[in-house]
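Undergrad: Would you mind keeping the following structure in view while I ask a few things?
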Amino acid sequence: MKREIDLEELNRILRKLNIEGLEDVHIEGDVEIELDMAHGGLDPAFLQSLGHEFAQIAMHLLNISQLLGYPVQRAMQPQPPQLELPTRLADERFSVGGISEWKHRIEEVTLGATSSDGGTRSHTITLGGEQALPYYFDAEMPHGNYITMDVFDMPIGMAKAVKVNYEDVMEDPAEWAKKVVREFNADMVTIHLISTDPGIKDTPPREAAKTVEDVLQAVKVPIVIGGSGNPEKDPEVLEAAAAAAEGERCLLASASLNLDYARIAEAAKKYDHVVLAWTQLEINAQKELNRKLMKQCGLERDRIVIDPTTAALGYGLDYAYTNMERIRIAGLIGDSELSFPISSGTTNAWGAREAWMVSSPISEDSDWGPREYRGPIWEIVTGLTLALAGCDLFMMMHPASVQVLKDITQMLHGTITENDVDIKDWITRVVV
Amino acid sequence: MKVNSPLEVYKHLPQTNCGECGEATCMAFAARMIDRSARLEDCPPLLDEQYRKKYEELRQLLAPEVREVVIGTGEKAIKIGGDDVLYRHQLTFFNPTGLFYDVWDTMGDEEIAERVNEIQGFKKFYVGSFLTPDGIAIRSTSGDPERFARAVERVCSITDRPIVLCSFDPAVLEAGLRVCSSRRPLLYAATADNWQHVMRLAKEHQVPVVLSAFGDLDLLKSMATTFASAGIEDLVLDPGTYPSGKGLRETFENFLKLRRAAILEGQKEVAYPLMGVPATAWLMYEDELTASYWETVIASMQIVKYADVLLLHSTLPSALLPVLHIRDTIYTDPRRPVQVEPGIKEIGKPDASSPVFVTTNFALTYYTVESDLASNKIDCYVVVVDTEGIGVEAAVAGGQLTAEKIKDTLEKEHFDVKEKTEHGVLVIPGLAARLQGELEDVTRLKVVVGPQDSGRIPKWMEKNWPPE
């Protein structure tokens, strides 16, 4: 049953209820309040009186509620606005695109030659071939990173933490080379012919070449042949060494703008080797040197690896990192003067005082802790940072550094996949 | 930011060239907004009511792609996120990765105090200032809200550094918040299981919050979208840090994906700071040294590629030092000059008996030498040779540091060693030893070879100074 009443009537009814008490009250059916707006434009005076009527009704209803024992007072307390928070998670899918500018491939350069190619190495190592920054999901990285460990042709001064590993072999480069391959898992060996420096021993090139032959006899991995860093002497030394190592596809370190790079390039072509093109933290110098090696000397692209210089953590690694990253990105987007595999003299990390000094020379510094711990991690972090910039080959010294850098780069590359750990409860499970 | 040319900024400026910002023209000021070397608030007229609309428009156009989130309050508060580029050479990275080291609530009061003081007290001098960690992460290892609250109270009583509260149990987080919400701690973490409760906590206490979805970027985005829709936008995303194997590679990829989406594709839903947890390395290795090495390796990787805040465990100096340095490496502004002005510098108050040291104008080399000399109170002259900003060893190898160049520097500055000093001796760096003979020939001075590292100069002086 439905009956229409007006507000005034409703009010009257309610007032009556209030006065007379509530006995056998039944409120049934829909209560419908209809405002007739059809006549256009509501008179403000009308709205005023309507509001008044509603307020009156509300008062009566409250009174009724109170009579029924409902705690009206509490309900009328000002409530803090309830936080309107979602109760269900949005259902989103995440996706991200690739980098469209990376259209070019870094040159693939192979080091070492096996008997089928006229050499005596047990296997070869190929660097480069990337089409994206290292370990990015945009493109498979065809080859991983490799580590070549330093061997010197005479005993040299080195940080104590490094030295303890080599004291038994320092007088014999061939034994030294064997040790880094057998015991320290080196992918390659670098023989540094530092004694050829006129300021050190001025060892004649022919004698230095003999050392290279010894090392090639001692190990079957591909090798790097390094000079002394003397710009007058190096071209001659590297030429003699290249001749002695003919057909082994060694990496000749290094050609640079401040020496007779043409002579080194010539030796590489003649005796089948690869040239390491070294510049100092300067992208344009690297372009110039690479251009000269290719155009002026006629060196093939697959005979060039570049070394844009490694500065240690805390000693200019920011420049080295960004320089390398810029070079690699330039190569990927099509600068053919920069699209070569990159090598790093990671050993430079040992020049950082944090790596070798017993304690800090600065009195305000906190305790640096034992240097035996600091040195290897300095070499690792320097190497890893450059690996992330695009470095392919690392020249290193400390066995522990070599192992850790290998592990981390292989995990990033996807070669090591085991040892997954459940991290769900790390908050409570990490050492307490 | 949404604009990349000064002209686009200029359009929204008052264009009066009033000079109040310190620049001569509005266009010059616009250029500084583009490289983020000035703030919008540096233009006082823009803050006037009449420019309100332009100010608002500009503020939105200039907002960094990745949201900036503040953790903590007061002087020690840190800002994370706020980046606009994927590679530092494209501009620079802003707001260095926040480094938080942990304590846990099952430690005793004394232990907590000792560790907090160790963390906040660690400092390493570097190029004119100290490198230090940022704050303390408090883990609930007891699972007991009251115990957690007590630990938080304890930490707050001994440090004003920013804090991260770590528990997946909202009741525990709530207990912690009751003690320290006014310090604006970072809440760790909302997950698929507890997000509603943690969301309410973040909203009620107005604190930044981490969303954790290990290895699940769909879930992470879903959570971020949901939180943003509730008006909670001081978010940090934690896609999980797996310390080894396949998980480690996925961790690396997830950071790349999230940051690329934010910066390159403008996906606002995930444009928040990212959190790494290298402390998970401790789940992998028992041995302290191995675990701390791997933690450092993972931290370095994450600092290089896009982590804005890290939770760490190892406080061995061999872990702290490289982590502090790699953070500085990546966040140093690459636009900073590589070189200092060549010439003759005086350290302290040199007189006729003071040594004359030679070094290069590579900024890092120079500042290292300078701080070693100054902090050891050695009065001396330093001959700064223009090596085109290359360090000693490399400059000797590359021909930028030669006997001739050293001689030229002395002559150009009219610095006559024989006149200025009673000893007439030049000290060259140990790494430039091979220049000794030639330098003696061209300068007709006595040249002695100093140590290979300027940190050893004090010891070297004891034995070798004054010269015979």
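The chain as shown is numbered from 1 upward.
Just so you know, glycine gets a Cβ as well, placed from its N, Cα and C.
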Undergrad: Going by TrEMBL, B:Thr359, B:Thr365, B:Gly389, B:Ile390, B:Gly391, B:Val392 bind 5-methoxybenzimidazolylcob(I)amide; tell me which of B:Ser244, B:Ser292, B:Ser454 is listed for that site too.
TA: B:Ser454
Undergrad: For a quick check of packing: other C-beta atoms within 10 Å of the C-beta of B:Gly389 (5-methoxybenzimidazolylcob(I)amide binding site), how many?
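TA: Other Cβ atoms found within 10 Å: 23.
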Undergrad: Check each of the binding-site residues B:Ile390, B:Gly391, B:Val392 and report back the ones whose Cβ is under 8 Å from some Cβ of chain A.
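TA: Only B:Ile390, B:Gly391 pass the 8 Å Cβ test.
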Undergrad: In whole Å, how far does the CA atom of B:Val392 (5-methoxybenzimidazolylcob(I)amide binding site) lie from that of B:Cys21 ([4Fe-4S] cluster binding site)?
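TA: Cα-Cα, rounded: 41 Å.
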Undergrad: Restricting the comparison to the binding-site residues B:Thr359, B:Gly389, B:Gly391, which residue's C-alpha is spatially nearest the C-alpha of B:Cys43 ([4Fe-4S] cluster binding site)?
TA: B:Gly389
Undergrad: Per residue, counting other C-beta atoms within 10 angstroms of the C-beta, which of the binding-site residues B:Cys26, B:Thr359, B:Thr365, B:Gly391, B:Val392 reaches the highest number?
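TA: The most densely surrounded of these binding-site residues is B:Gly391.
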Undergrad: Could you tell me which three-state DSSP class B:Thr365 (5-methoxybenzimidazolylcob(I)amide binding site) falls into?
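TA: Reduced to three states, the DSSP call for B:Thr365 (5-methoxybenzimidazolylcob(I)amide binding site) is helix.
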Undergrad: Among the binding-site residues B:Cys18, B:Cys21, which residue has its Cβ surrounded by the fewest other Cβ atoms within 10 Å?
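TA: Among the binding-site residues B:Cys18, B:Cys21, the lowest count of other Cβ atoms within 10 Å belongs to B:Cys18.
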Undergrad: Please report how many Å separate the Cα atom of B:Cys21 ([4Fe-4S] cluster binding site) from that of B:Ser454 (5-methoxybenzimidazolylcob(I)amide binding site), as a whole number.
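TA: Counting only the Cα atoms, the answer is 42 Å.
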Undergrad: I'm trying to understand the geometry here, so how far is the Cα atom of B:Cys18 ([4Fe-4S] cluster binding site) from the Cα atom of B:Ile390 (5-methoxybenzimidazolylcob(I)amide binding site), in Å to the nearest whole number?
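TA: Given the Cα positions, B:Cys18 ([4Fe-4S] cluster binding site) is 42 Å from B:Ile390 (5-methoxybenzimidazolylcob(I)amide binding site).
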